[in-house]
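Just below is one structure, and these are the notes that go with it.
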Amino acid sequence: GPGRCFPFWQEVLACYVVNTSSEDDSGKKKCAPVLEDYYECLHHKKEHARVRALQAAFRKAESSGGREKAPSAGQIRTLGLIDNEDAANGKKAFFLDKA
């Protein structure tokens, strides 16, 4: 079947067909955003940069004391995610309420 980026390539070709001719190639500038989308589909450079930025921000927040604002055990129990009997018995596994 067609590759994952084939629809993007079709858009690039359609843009070139509409905006250029054999005598005049000046319309290629109009196709730059479509071509950029195609390259992003192929190489994922923007996606990788975004992931690296998110990971760096997460590591920075984590290293600057991210656990200081962590909820207490009592606050977690009031959410209903842990059965109160399990929490009282000291079990460390998390179970969803059977409500």
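Every residue, even glycine, has its Cβ placed from backbone N, Cα and C.
Given the structure is predicted, the values throughout are model-derived calculations rather than measurements.
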Practice prompt. Going by TrEMBL, tell me which one of C5, C31 is disulfide-bonded to C15.
Written response: C31
Worksheet item: Once the chains shown are all counted, how many other Cβ atoms turn up within 10 Å of the Cβ of C15 (disulfide bond)?
Response: 18
Discussion item. Rounded to a whole angstrom, what is the C-alpha distance between C15 (disulfide bond) and C5 (disulfide bond)?
Written reply: 16
